[in-house]
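Just below is one structure, and these are the notes that go with it.
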Amino acid sequence: MKTKADFFRMKQADEPIVMVTAYDFPSAKLVEQAGVDMILVGDSLGMVVLGYDSTIPVTVDDMIHHTKAVRRGAPNTFIVTDMPFMSYHASKEEALQNARRIMQQSGANAVKVEGADEVVETIAALTKAGVPVVAHLGLTPQSVGVLGGYKVQGKDAESAKKLLNDAKQCEQAGAIALVLECVPKQLGAAVARELTIPVIGIGAGAEVDGQVLVYHDLLGYGVNRVPKFVKQYAAIQETIVEALANYIADVKLRQFPEPAHTFTMKEEEWVALYGGKQS
């Protein structure tokens with residue numbers, strides 16, 4: 001399993017870090033088999049696998065449940081788990097309690113928190129307690145209501161300057177990495193240059209230290225609209241629908257199961273059961 005030190009080394013060597021967001025055992029197993037460096041168990045599971053219209057309803061229990069499944073599928077991969085909405089905002093004590101639960105019960109290697117300002121103090125408190133923290137800036141899904149929806153952040157000089165300053169504060173507070181979402185590529189490159197910790201982009205251009213995409217998005221598997229920053233490397237959903245349609249047709253036509261998929265009883269046992277040949 002790669003460690004925090006490995007990710008710092010990769011940044012220094014200009015070796016891109018590959019991260020995938022996964023939510024369950026089978027996807028995590030395939031992600032690890034493919035050789036991904038890091039897995040994110042994101043609270044986006046609320047929309048991708050639980051059918052919510054945002055990340056807001058996701059709970060700490062949800063995150064623990066899904067991270068445990070991911071850990072079973074990827075025992076040798078560094079896992080980062082999102083702290084969901086309002087699990088680290090009310091007080092540092094609550095943040096510590098929820099982070100402790102996630103780290104102790106789920107098998108995560110680090111937690112991720114969104115935002116800056118007061119969240120920087122939370123990052124510092126968690127770090128002091130020995131919890132590795134990944135920060136998340138730019139488009140922060142837990143704050144889409146405040147941000148005015150799913151929009152590119154840091155497009156003007158003033159907001160870009162604030163974001164860069166926020167990133168530095170997160171690093172100073174002890175964050176081990178930064179996820180930077182949906183910002184202009186120039187800003188993504190600048191943040192990566194200015195920080196010593198790895199900057200992992202999602203819609204932040206190619207000049208950051210790594211990339212993260214959601215498993216379902218990059219495989220073309222899911223019902224949600226795919227953002228502009230996603231490149232789909234497969235069209236699994238079409239394959240699945242076609243396979244299901246073929247299964248339905250075979251059952252309706254009694255072409256499934258075939259002999260290869262059925263079990264038989266010895267003729268003498270069948271005779272003993274019915275007292276005569278019935279087959």
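Every residue, even glycine, has its Cβ placed from backbone N, Cα and C.
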Residue from Asp6, Asp82, Asp156 that Swiss-Prot also lists as binding 3-methyl-2-oxobutanoate with Asp43, Ser44, Lys112: Asp82
Residues close to 3-methyl-2-oxobutanoate site centre defined by Asp43, Ser44, Asp82, Lys112, Cβ within 8 Å: Thr21, Leu40, Val41, Gly42, Leu45, Thr55, Val58, Met63, Thr81, Met83, Pro84, Glu114, His136, Pro141
